[in-house]
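Okay, so here's the structure we're looking at.
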Amino acid sequence: MPHAFKPGDLVFAKMKGYPHWPARIDDIADGAVKPPPNKYPIFFFGTHETAFLGPKDLFPYDKCKDKYGKPNKRKGFNEGLWEIQNNPHASYSAPPPVSSSDSEAPEADLGCGSDVDKDKESRRVMTVTAVTTTATSDRMESDSDSDKSSDHSGLKRKTPVLKVSVSKRARRASSDLDQASVSPSEEDSESPSESEKTSDQDFTPEKKTAARPPRRGPLGGRKKKKVPSASDSDSKADSDGAKEEPVVTAQPSPSSSSSSSSSSSSDSDVSVKKPPRGRKPAEKPPPKPRGRRPKPERPPSTSSSDSDSDSGEVDRISEWKRRDEERRRELEARRRREQEEELRRLREQEREEKERRKERAERGGSSGEELEDEEPVKKRSRKARGRGTPSSSDSEPEGELGKEGKKLAKKSQLPGSESARKPGQKEKRGRPDEKPRARPVKVERTRKRSEGLSLERKGEKKKEPSVEERLQKLHSEIKFALKVDNPDVRKCLSALEELGTLQVTSQILQKNTDVVATLKKIRRYKANKDVMAKAAEVYTRLKSRVLGPKVEALQKVNKAGAEKERADNEKLEEQPGEQAPRELAEDEPSTDRSAPVNGEATSQKGENMEDRAQEDGQDSEDGPRGGSSEELHDSPRDNSDPAKPGNERQDHERTRLASESANDDNEDS
């Protein structure tokens, strides 16, 4: 359970980045900001800053005195330990206990507030005032001139500790004017060792004067301490004698040196500039000063070491610039070299390819096919070989190629840096593939030949479409060629010629019946007789190829049937009128069947003709029998069961075509 605290309790408060700090639970004043729930208002001794902390970060002072009450190097910590013991009721309105040239009252002095020190300092001030009253007017003029010159030169001067403090106090007493620097004669009289001592001593009070609230404290909370007023600065001048630290120098801020204003204004300026150093210590706990702090701590810049450091920084910057320029030049040179090498390689590759073409042309063979397949072979060879150094056979024309490559590189560099970077990237990618380029020429030739043959085979396979595809293509060409708007007779004739040369089977024709239909229509194309004749020729070719000798047999049967009908008609005319109507009645169904209504009607007509030929016993009986036997031998499907629907359909199709051809022949005759 965390301890419950009351206002006025002394505690050690723990902040992140700070040790356990001596503090006090503070009262909440009327109108003040109320703390969040479960937090107490804390007043830190030494820094006189406030914050809100929870009970888990607070530890009773009496219990933890031995544990956390040890001296620490942190600014204000030791002063806080002294305050919590000797002045536990201190508030942020009281001056801090640290002794420095900017402390506000002599009452808060830590180890230097004795009466003996005050007496000594007062005597010192009295003697100095007596000496310096006579020379104040002269010094004012000389010092003001020196201040102006120092401002123009940009150097902040520092004086010995005792001289500056005495002259400051004398001037404050006489004319209330503060001069930040002493005349050059006094500065030149100093030895470099003394200036180094004073510069070292200037930093000692800054380490000790950590009790100022504007500076770094344990928490950047509410800062109650404000900039001291003019009356406080006057009291400071009188209280400076009560301090035993003789290492107090004139404030080196540029405001005091340039304007030569009063001591109160100079001190207030310094105090205004110092708060940024401890603005938010919670965010930056390290004790190092901020970036703004080094401005007032710069007075030793008059020494040659500071000027050397400034010049050294300038030299470093110039060196960095030079290095950057050198790197850029090196990169540009590398890019140019890479471009030249790339161009050389491309030239060499082109020459090699030209030589190979010549060799191929000399050797003979399918030169046209090789030329067609050259471009893909080029790409593959480039990828496989990489971009290594040129071989021994290609090393002779390097001089000429180098000149050409330089010219091309200059041209390629004009568009911009992007064109220069790309070949560099290609070069880097191609470097690991340098070795494969050393292959013998014969191996590459054989490999390319094999690749060319494989490509030729693939091309042949692709170029050879199926018969069905060609048939469909020719069919579409014929249709387009015989448009009503713009007929193309030549194209139609060429397509019909090619169609007649196709090796068409019955299966293909069954799938593409529309081709046969178009051929039938074109046979009656009255616009051009050549097209009609060609279509009839192609139609008969297709029939002869598909049906074979069966067509001839059917034609013979049809001719025999026609002759028989004629003979019968003659007999009927000769016979008496009674028998004629019977025979005519018998012949009526046959004539009705012979009408080409569908494929079945044509097939039935053909069958009736065959039956009649067999009954008469004429010489033409051998024809249909032979045709049927050949039909059985030619088509494997005829050997299968005739009861199947597929076989019946094929038979009907064939008989239909045969009967139509026979009818056409009869019509022509």
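Just so it is clear, glycine is given a Cβ too, placed from its N, Cα and C backbone atoms.
Listed features, source Swiss-Prot:
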- 550-575: coiled coil (COILED)
- 115-124: compositional bias 'Basic and acidic residues' (COMPBIAS)
- 127-137: compositional bias 'Low complexity' (COMPBIAS)
- 138-154: compositional bias 'Basic and acidic residues' (COMPBIAS)
- 155-172: compositional bias 'Basic residues' (COMPBIAS)
- 194-209: compositional bias 'Basic and acidic residues' (COMPBIAS)
- 233-246: compositional bias 'Basic and acidic residues' (COMPBIAS)
- 252-269: compositional bias 'Low complexity' (COMPBIAS)
- 313-363: compositional bias 'Basic and acidic residues' (COMPBIAS)
- 419-469: compositional bias 'Basic and acidic residues' (COMPBIAS)
- 561-584: compositional bias 'Basic and acidic residues' (COMPBIAS)
- 622-657: compositional bias 'Basic and acidic residues' (COMPBIAS)
- K550: SUMO2 cross-link (CROSSLNK)
- 7-64: domain 'PWWP' (DOMAIN)
- S114: phosphoserine (MOD_RES)
- S137: phosphoserine (MOD_RES)
- S165: phosphoserine (MOD_RES)
- S231: phosphoserine (MOD_RES)
- S233: phosphoserine (MOD_RES)
- S307: phosphoserine (MOD_RES)
- S391: phosphoserine (MOD_RES)
- S393: phosphoserine (MOD_RES)
- S395: phosphoserine (MOD_RES)
- S454: phosphoserine (MOD_RES)
- S629: phosphoserine (MOD_RES)
- S659: phosphoserine (MOD_RES)
- 87-469: region 'Disordered' (REGION)
- 466-548: region 'Interaction with DPF3/BAF45C isoform 2' (REGION)
- 558-669: region 'Disordered' (REGION)
(message) Please report the three-state DSSP label of S659 (phosphoserine).
(response) helix
(message) Can you give me the average pLDDT across the coiled coil (550-575), rounded to a whole number?
(response) 71
(message) Is it possible to list how many residues within the compositional bias 'Basic and acidic residues' (313-363) are helical, extended or coil according to DSSP?
(response) 51 helix, 0 strand, 0 coil
